[in-house]
Amino acid sequence: MSHTPTPAAGSGHASANSQTALVIGAIGVVFGDIGTSPLYTLKEAFSPHYGLTPDHDTVLGILSLVFWALMLVVTLKYVTVIMRADNDGEGGIMALTALAQRTLPGGSRSMYVVGILGIFGASLFFGDGVITPAISVLSAVEGLQVAAPKLEAFVVPITLVVLGMLFLAQRFGTERVGKAFGPITLVWFFALGAIGVYNMARAPEVLHALNPWWGVLFFVEHNWHAVFVLGAVVLAVTGGEALYADMGHFGAKAIRRSWQFVVLPMLTLTYLGQGALVLRDPSAVSNPFYEAVPEWALYPMIVLATAATVIASQALITGAYSVASQAMQLGYIPRMHIRHTSHSTIGQIYVPAVNWCLLLAVAVAVVGFGDSTSLATAYGVSVTGTMLITTVLMVIYARANPRVPAPLLWLFALVFLAVDCAFFYANIIKFLDGAWFPLLLGLILFTLMRTWRRGRKLLHDEIRKDGIKLDTFLPGLMLAPPVRVPGTAVFLTADPMVVPHALMHNLKHNKVLHERNVFLTVETLQGPYAAAGKRLKIEAIGDEFYRVHVRFGFMETPDVPLALMRSCDQGGIYFDPMDTTYFASRETIVASANRGMPIWRDKLFALMHRNAAPATGFFRIPGNRLVELGAQVEI
């Protein structure tokens, strides 16, 4: 089960306050995306693209499908089942991939396939990260068209300004403004509920939509066309995957309470309220969200909606930084500069490269599609693809759990694979209408991640093939020992059994050895955090030479000097930061058509490797203590 952050010790009242704070915080961060779905879900369902007439039976059928999608996909699948699979308290597709791989034989074909699924799921997440800010903010600003139609020409420019300010502000962090996210989003949800009740009171028969029979009748009446309409229905559950992805920040308990007692009831009320309005006035389908708002509250609602969509976008941008950081740690993407924006919260980071790539892609989406209706056709495919992959990974993970009855597991697999496949199919058939955009983004990212992963393996194999075994090198070196100089030399190496290139270059050109020599290997675990007792492994191999393994979880920021400081506490190596020099190899990649990858992928890997952030910043190594020695490697 998930590890909910422990409240401060004290009275039960303090514990209750802590839980309340977590619930409000979860509402602001976790539910921003799904909370802004009412802006466009019903509008998209009745867009000309689907050819539906907003008559009584059709409206109730769509509302029934929306409500039961929320119940099945979010409440049953994510809240009840998926959130039980935590990786030391962490959730998300990368964490679930690691859990699923643990149940499979190491190095097996199935483990490789699961890794591919995880990479593709993470790639789709970034595609979602482009569409969500674009469609959310654009939908909110489109309220100006309802309030003053003459402002229609200003919708896209205003959207670009809002998004530009949002991305430009990332470098300053969100620690201060983030405290307001929960209360603002809470006001947003209660406003949704109030508007829903206001409209339901005028057409209470809309409550019949809670009966799933209306959803069944919709399928009976519309046959295969109903499956096509699922492409709009799924917009109501976009953001549901955030419940699992953000589990490590707030804990499963707070997220479940937020969903059950605030988010689900308010979403149900607002969808029913929009449906009640359409039952009374079918022309309101042009923008049922804003048409449902009383005229006196329209401008305040536009402001509140814009704030809510900015918060939803912020949560997803922050999530993109987190996934990128995890992917770096797990070796799926090159090292990038990471800036910590908070002195008190380690998880608050800013990744400039990710930020500017997201801004560029979001701006292209806003300008290219132009309105939320067009963007909606592109939206669902990345979300449903991620949801489908999550179900597959969950089945693989749960299959190895003896506490899960086999009939229950296969029932889960049958029901949710069918639901996820139906939603995915309904979106993939919109490929030419816009679904190609997030798929193209996902494919580009998938190619980059696979190329980096494969290239790193080829590079490692090439270095190992040409390398000299440490166990045979050291005895020969001691037969004619070079001059020793005071201090400690730390050689960063991926393979602790082979002599690092940096050591060979140092001996060749400087003809000296340091008093103490450490061969340091940094390992990233499949878990989010490394236990204190397993952080460091020190092996003395004679004559002041040491092998040191430093382990970090994929959620941690590697700090090599700090880890070595702790080696003194363990009684291993004497370590003085001011008397230590770090040596690292900086390989220059030479592409070859006769090796493991096509020449274009070799060149792509060489480009990525050349532009990767140096080890100095990534491992927190002081720049004035680092010596990088070049080596040319052909792959």
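The backbone N, Cα and C atoms fix where each Cβ goes, and this holds for glycine too.
According to Swiss-Prot, the transmembrane segment annotation covers 22-42, 59-79, 111-131, 148-168, 180-200, 216-236, 259-279, 297-317, 349-369, 378-398, 404-424, 428-448, on the basis of sequence analysis.
Tertiary proximity for the transmembrane segment (111-131) is limited to same-chain residues at least six positions away from its ends with a CB under 8 Å from its CB atoms, namely 93-94, 96-98, 100-101, 104-105, 238, 241, 316-317, 319-320, 323, 327, 332, 358, 361-362, 365, 375, 378-379, 382-383, 385-386, 389-390, 392-393, 396, 437-439, 441-443, 445-446, 449-450, 453.
Taking pairs at least six residues apart, the transmembrane segment (59-79) and the transmembrane segment (216-236) share three or more Cβ pairs below 8 Å and count as touching. Of the candidate ranges 22-42, 216-236, 259-279, 349-369, 22-42 has the most C-beta pairs within less than 8 angstroms of the transmembrane segment (297-317). Contact between the transmembrane segment (148-168) and the transmembrane segment (349-369) is supported by 3 or more Cβ pairs under 8 Å, counting only residues 6 or more apart in sequence. The list of residues near the transmembrane segment (259-279) in space but at least 6 beyond its ends in sequence, with Cβ under 8 angstroms from a Cβ of it, reads 23, 27, 31, 34-35, 37-38, 41-42, 46, 54, 56, 59-60, 62-63, 66-67, 70, 74-75, 79, 186, 189-190, 192-193, 195-200, 202-207, 209, 236, 243, 285, 288-289, 291-292.
Segment contact holds for the transmembrane segment (428-448) and the transmembrane segment (349-369), given three or more CB pairs below 8 angstroms at sequence separation of 6 or more. When each of 22-42, 349-369, 378-398 is checked for Cβ pairs under 8 Å to the transmembrane segment (216-236), 22-42 comes out on top.
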